[in-house]
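Under the heading domain 'Glycosyltransferase family 28 N-terminal', TrEMBL lists 3-139. According to TrEMBL, the transmembrane segment annotation covers 65-86, 93-112. Marked as UDP-N-acetyl-alpha-D-glucosamine binding site by TrEMBL: 163, 276. Among the features that TrEMBL reports, domain 'Glycosyl transferase family 28 C-terminal' is placed at 180-320.
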């Protein structure tokens, strides 16, 4: 079966695709991947040795920017690129978990009568999925609450697919006499979170800090044997998640799903005024994470919040239990079944 997976720009939109990819390949399916030119997806997909195509991903912003001058041209080019990729490969289904790079593929695919399956991770649909949903044949969602945003007949709640999180490395040397916190700002990093990280945190714990590529140079230099800074983690990402007693993260559903699968106590900092705040509110309602307001955070408060949770065993146990309860253990298999069901169409 020929399958085209599409997503990128951020790690969140490719998480479910990476989760299901190994099983698709194991079953001898022919898989292609379409992503952006500068996203993290090419680096991650290259490990699987499948064909990767890069396309423009014109983003429809809700504010004025000089980039809008080139927006019509970018849209035209992206649709032409989508047409070339689809005619060349003729997949039996297009699968996306969001991202603007997928929009022209789904639209052109509809014209070519190539069906599309889209997966909605966050509680509230983003603009890309809103644009694709009317033309998608099937839609899957991570939360039952998200069913209300899509047509009932073609929408199914499956949970959020999560990749195998078993560590394959042991490269991060930590001080075993103290606990460990893993600080990440999503797949592309977060300057606001990076700015909160100070040497003081290292006085009571190991710090694994994923800054995001091209963002490390904006940081103050921290020289401490317990501080481990990485622009981006690939194989070691699973190791960092497993070794951490507490994780600091954005509120993207991809990150939340992995924390739930591992039952990790977490401090969540949603991007202000974004769809992530809905995800964070959901976690807060279920007492599944501690939610921090980025606009009210200082380095001192951030340090204290980490310390307070790290050394509160009862609180960690409650958060771990509650976030684990949100995980749908068979989501990846259900996603696989939905994809391969197009073989019969």
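Every residue, even glycine, has its Cβ placed from backbone N, Cα and C.
Long-range contacts of the transmembrane segment (65-86) within the same chain: residues 4, 32, 34, 53, 55-58, 94, 101, 103-105, 107-109, 112, 114, each at least 6 residues beyond the stretch ends and with a Cβ under 8 Å from a Cβ of the stretch. Sequence-distant neighbours of residue 163 (UDP-N-acetyl-alpha-D-glucosamine binding site) (same chain, 6+ apart, CB under 8 A from its CB) are 15, 18, 19, 22, 258, 332. Take the CB of residue 276 (UDP-N-acetyl-alpha-D-glucosamine binding site) and look out to 10 A: across all protein chains shown you find 24 other CB atoms. Confidence over the domain 'Glycosyltransferase family 28 N-terminal' (3-139), given as mean pLDDT on the 0 to 100 scale, stands at 92.
DSSP assigns residue 276 (UDP-N-acetyl-alpha-D-glucosamine binding site) to a helix.
With DSSP classes pooled into helix, strand and coil, the tally for the domain 'Glycosyltransferase family 28 N-terminal' (3-139) is 68 helix, 25 strand, 44 coil.
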